[in-house]
Amino acid sequence: MYQDLIRNELNKALQTLQNFLSDERHIQSIEDAAKLIADTFKAGGKVLSCGNGGSHCDAMHFAEELTGRYRENRPGYPAIAISDPSHLSCVSNDFGYEQVFSRYVEAVGNKGDVLVGISTSGNSANIIRAIDAARAKGMRVIVLTGKEGGKMAGSADVEIRVPHFGYADRIQEIHIKAIHILILLIEKEMVAQG
């Protein structure tokens with residue numbers, strides 16, 4: 001009954017992935033981000049990640065697989081998703097939702113840490129504020145965006161952009177693939193240079 005729709009959805013996902021894969025800049029940005037994070041861990045720094053909605057789930061997934069595990073057993077890596085419900089509700093209530101991530105970065109971020117901001121539009125005001133707070137703390141910044149990068153375009157040390165202009169779920173599908181590859185590369189880099 002729905003088999004044609006299922007095939008169509010999978011083919012659209014495949015096409016989005018093939019379009020992303022066809023541009024070497026995307027491959028390089030994933031490698032650059034992985035090296036930046038691995039170098040941060042080697043220097044004693046940590047990763048803070050943030051996003052809204054599905055991107056919030058991706059930020060938590062990223063931190064969880066860094067602190068827990070991906071494919072192989074290895075030591076946990078220092079990563080925190082800005083996702084504590086009491087922090088989010090307190091700051092949203094007292095200061096406004098636009099400050100939920102920046103307040104956390106101001107409190108916990110240190111020079112040499114990395115902020116990973118995830119936004120399919122590249123226009124999330126609370127992530128833009130977090131980027132500003134990270135810069136003020138001397139942190140490096142990686143963003144995962146979509147479309148033309150939005151207001152975040154050019155704001156990061158590394159941007160992994162999915163140039164898809166349809167529904168956001170296609171961008172999120174590439175984001176989670178990029179996140180899994182990042183973790184794989186980080187693990188290889190950490191083992192290779194111990």
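Note that Cβ sites are derived from N, Cα and C of the backbone, with glycine treated the same way.
Going by Swiss-Prot, these are the annotated features:
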DOMAIN    37-194  domain 'SIS'
BINDING   N52, G53, G54, E65, N93, D94, S119, T120, S121, S124, Q172  substrate binding site
BINDING   H61, E65, Q172, H180  Zn(2+) binding site
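Within 10 Å of the C-beta of E65 (Zn(2+) binding site) we count 21 further C-beta atoms, all protein chains included. When the neighbouring Cβ atoms lying within 10 Å are counted for each of the binding-site residues (N52, N93, S119, S121), the highest count belongs to S119.
A simple way to gauge crowding: the CB of H180 (Zn(2+) binding site) has 15 other CB atoms within 10 angstroms, across all the protein chains here. Taken together, the residues in the domain 'SIS' (37-194) have a mean pLDDT of 97 on the 0 to 100 scale. When the binding-site residues H61, E65, H180 are compared by Cα distance to N52 (substrate binding site), the shortest distance belongs to H61.
If you take the Cα of G54 (substrate binding site) and the Cα of H61 (Zn(2+) binding site), they are about 10 angstrom apart, rounded to a whole number.
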